[in-house]
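Novice: Sequence annotations record features per position, and here TrEMBL assigns domain 'PNPLA' to 37-197. What TrEMBL lists as active site, nucleophile is S70. Annotated active site, proton acceptor per TrEMBL: D184, in sequence order.
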Amino acid sequence: MISGYMYPLVDVSAKNRAGKLEDARTFPEKIRDGFVLVLSGGVIRGAGHLGFLAACQEANLPVRGIVATSAGAIAAAVFQSGKSTTEEAQKRLKTLRPWDMFRFRPRRGGIFDTARTAELVGEMIGPETTFSDLRGPLAVAAVSLASRNLALLKEGSVPLAVAASSALPPFFQPVEIGGVPYVDGGVLSVLPVMAARTLYPHIPLVAVNVNDREGWQGRPGRSSWLEDGTSRHNGKAVSWNMLLHPLSSLGMEILWVTRMEAALSDWYVGTSTGLYSLMDRRNLDRIFRLGYDSGVKFSMFFR
């Protein structure tokens with residue numbers, strides 16, 4: 001069920017974007033002076049973020065901050081803490097069994113206890129780590145159930161903020177921070193570029209999407225989310241049965257918003273890890289490697 005419906009949700013299709021701009025001559029010069037990373041959610045595909053960040057660290061790229069949601073927030077917390085390497089975090093993920101990750105405690109708002117997520121993050125970066133302890137700026141996207149808006153968490157406990165950003169309803173219980181309940185940031189923004197722009201209006205944004213099914217890098221334009229109504233396509237028309245299915249409709253909405261946000265970034269990186277299921281633990285090494293390869297390719301623009 002998950003693999004059938006979740007594969008295409010946030011894929012930025014090559015059939016509907018401005019084109020592949022992978023030539024060094026088209027790479028924005030301003031990014032070389034420093035940039036902010038925007039990391040998508042993606043459950044198990046988040047291992048691709050660990051690989052991408054490993055490549056960035058190897059090349060000593062000028063990462064001036066990270067804005068991330070859900071799985072991306074976990075990888076970003078590891079990277080900015082400096083207490084574990086991304087490779088060590090990857091090894092830890094591989095040792096986790098389902099019962100290590102999910103603590104079954106049905107309560108109002110969810111069936112799994114989000115405290116376990118905070119504990120796992122704490123094992124990698126330190127349970128008492130706060131945002132002020134990090135070696136670089138980090139903002140974690142989560143949805144406030146009080147305001148129904150996307151919030152950027154930048155203070156207090158990092159493990160707790162990451163747990164909030166990863167609390168996907170109706171599976172995980174909301175996480176309360178400062179008296180406010182929060183859930184997974186991906187509910188409103190899988191790739192929080194717009195939120196990052198409000199925080200960093202004058203710094204280039206590099207968006208990394210581990211849900212893309214094609215490994216490409218470039219500057220997506222308007223056509224990545226809006227097309228001419230008179231254009232003709234050779235592909236098959238989507239059946240009405242699919243359009244009427246509530247999960248399909250939700251998936252198309254998430255896809256559209258993700259494309260729109262990708263178009264607002266200064267540079268987009270798709271890691272092609274979207275080819276794997278959101279819960280595909282068997283291919284963690286492959287997912288990490290695809291993210292790493294994308295990071296190496298991105299690093300080449302700085303030479």
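Cβ coordinates come from backbone N, Cα and C, glycine included.
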Novice: Looking only at C-alpha atoms, tell me how far S70 (active site, nucleophile) is from D184 (active site, proton acceptor), rounded to the nearest Å.
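Specialist: So the alpha carbons of S70 (active site, nucleophile) and D184 (active site, proton acceptor) sit roughly 6 Å from each other.
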Novice: Mean pLDDT, the domain 'PNPLA' (37-197)?
Specialist: 90
Novice: Enumerate same-chain residues with a sequence separation of six or more from D184 (active site, proton acceptor) and a Cβ-Cβ distance below 8 A; give 'none' if the list is empty.
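Specialist: Result: G41, T69, S70, A142, V143, S165, S166, A167, L168, P169, F172.
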Novice: So if I draw a 10 Å sphere around the Cβ of S70 (active site, nucleophile), how many other Cβ atoms end up inside it?
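Specialist: Result for S70 (active site, nucleophile): 29 neighbouring Cβ atoms inside 10 Å.
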